Amino acid sequence: MSPMSEKQPYENGPSIQGQSEPSIDSAPLAPSTNGDTHPPDGGMWAWLSVVSGFFVIMNTWGVFISFGVFQTYYVTALGRSSTEISWIGSFEVFLLFFVGSIAGALTDAGYFRSTMAAGSLLILIGTFMTSVSKTYWQVFLAQGVCTGLGNGLMFTPTMTVITTYFTTKRAVALAIAACGSTVGGLVFPSMARTLLPMIGFGWTMRAIGLIQLVTLILALALVRPRVTPKIRGQFFDWSAFSVPEYGFFAFGSFLVYIGLFFPIFYLASYARSGLGLEYTQSLNLILVLNGVGIVGRLGPSFLSPIVGPLNLFTAHVVATALIVYLWTLVSTVRGLYAWTVFFSLAMGGIQSLAPTALAAVRFDPQKQGTLLGMVNTVSGFGALIGPAVAGALIKGGIEYTNSQVFAATCMIVGGAVLFLAREIKRRKGLLDFGSRA
């Protein structure tokens, strides 16, 4: 079928007087009867949407999983505590998830391209405004708020469009797109490590902004939504939470994200304050964390059709939690490098499998943006409070044990809740161990 353009009239659904194009104001969220909503599981536009998603995730996840670079730099440059600095990264991640509900509903209603364009513009404005920021609050507003809003407007629509193109290849497609975070997580910290001593913070951020400009233009050019937009839409489908497995999945994700971002944000700081590494040496750990992640993101996608995406997602959550517990035993630089490798392998699967696991819990191509956006919104609150709370538990700036245990415990409890969601779905007879959903 031909790709759907933005604001295309709803051709096969019910007619509503005086309405010829999608509107975000109101709509029933019942599944469409449009026969074209069955995913083709491949094709040129399907794989181009994956390439587009790769560039989007490179400039969203790829930037904030590199926040450890800025966390360490800002503590010195801005003269603020680690907890205060972590609020910048936490708020950026929070907005990526929180704005997902709005962006998902706009996507479902047919405003995909406008939403993506607005997100791209905000990301670029945020990066270039960060380059001229001099104070803590200027950086917070530019990098934390402006960039975070742009991230939120781009991430959920991209994931939604990819899921509507694929069925059996969905996990692989999303994993390939998720590898964009690995590339971003290698490119941006490497640029910071090389350019900061040479040209300073301002021009380093402008150089990063130029990379973002080129790749975001490509992302917009390569993607086209496939599913006919609904005539009407809403930001929240509250009835979805009345489905037990969906509600448990959302709550479990909230708990997981409370703990997940503490190691990502604080790894470099721990290397400096806990093990005495220099700033540039600590950045090498960020590169290892992000580089190994390509295996952690791609590997699970090939197991997912065999094991089941929800099963594998839950297993990665539990494995990541156990590895964070083991962080308390690390006392050498070599040990920290080894720990970083295992953490990256486990954590990568959480990112790449999350949308696929949700689709296994509940899938409706006509409102998948709303369903994913609502889970992201709930998860966003976990990402907001987790790093700050864990950072406040660090004793004297050097003793991380309480923070490590807090992060790991939140994740292990989240894994238990996700297992409950899986069991409820299984007992309904809608999910088995080898589910390909």
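Even glycines carry a Cβ here, placed using N, Cα and C.
The compositional bias 'Polar residues' annotation in TrEMBL covers 14-23.
Under the heading domain 'Major facilitator superfamily (MFS) profile', TrEMBL lists 46-425.
According to TrEMBL, the feature region 'Disordered' maps to 1-35.
Per TrEMBL, the feature transmembrane segment maps to 44-73 (among others).
For the transmembrane segment (85-105), the list of distant contacts is 24, 60, 64, 67, 70-71, 74-75, 78, 115, 119, 139-140, 143-145, 147-149, 151-157, 160, 233-236, 257, 261, 265-266, 368-381, 383-388, 391: same-chain residues at least six beyond its ends, Cβ to Cβ under 8 Å. Look at TrEMBL and you will find 85-105 (among others) tagged as transmembrane segment.
Feature annotation from TrEMBL assigns transmembrane segment to 171-191 (among others). Among residues of the same chain six or more beyond the transmembrane segment (171-191), those with a C-beta under 8 A of the stretch's C-beta atoms are 46-47, 50, 53-63, 65-66, 68-69, 158-159, 162-163, 165, 204, 207-208, 211, 283, 286-287, 289-291, 293-294, 297-298, 300-302, 304-305, 309, 348, 351-353, 355-356.
Taken from TrEMBL, the feature transmembrane segment covers 203-225 (among others). The list of residues near the transmembrane segment (203-225) in space but at least 6 beyond its ends in sequence, with Cβ under 8 angstroms from a Cβ of it, reads 3-4, 6, 45, 48-49, 51-53, 55-56, 58-59, 107, 110, 112-113, 116-117, 120, 123-124, 127-128, 130-131, 154, 158, 161, 164, 187-188, 191-192, 195-196.
What TrEMBL records for 246-267 (among others) is transmembrane segment.
Here TrEMBL flags 279-298 (among others) as transmembrane segment.
Sequence annotations record features per position, and here TrEMBL assigns transmembrane segment to 310-330 (among others).
The transmembrane segment feature in TrEMBL is assigned to 336-359 (among others). Same-chain residues lying 6+ beyond the ends of the transmembrane segment (336-359) with a Cβ under 8 Å from its Cβ atoms: 61, 159, 162-163, 170-171, 174-175, 178, 181-182, 249, 253, 256, 260, 263-264, 267, 270-271, 275, 285, 288-301, 304, 309-310, 312-314, 316-317, 319-320, 323-324, 326-327, 330, 368, 371-372, 375, 437.
The transmembrane segment feature in TrEMBL is assigned to 371-394 (among others).
Within the same chain, residues 244-246, 248-249, 251-260, 262-263, 266, 270, 274, 310, 313-314, 317-318, 320-322, 324-325, 327-328, 361, 382, 386, 389-391, 393-394 sit at least 6 positions outside the transmembrane segment (400-421) and bring their C-beta atoms closer than 8 Å to a C-beta of that stretch. Under the heading transmembrane segment, TrEMBL lists 400-421 (among others).
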Tertiary contacts of the transmembrane segment (44-73) (same chain, 6+ residues out, Cβ under 8 Å): 3, 82, 85-86, 88-89, 92-93, 96, 123, 143, 147, 151, 154-155, 158-159, 161-162, 165-166, 173-174, 176-185, 187-189, 192-193, 196, 201, 212, 215-216, 218-224, 226, 264-269, 272, 279, 282-283, 285-286, 289-290, 293, 351
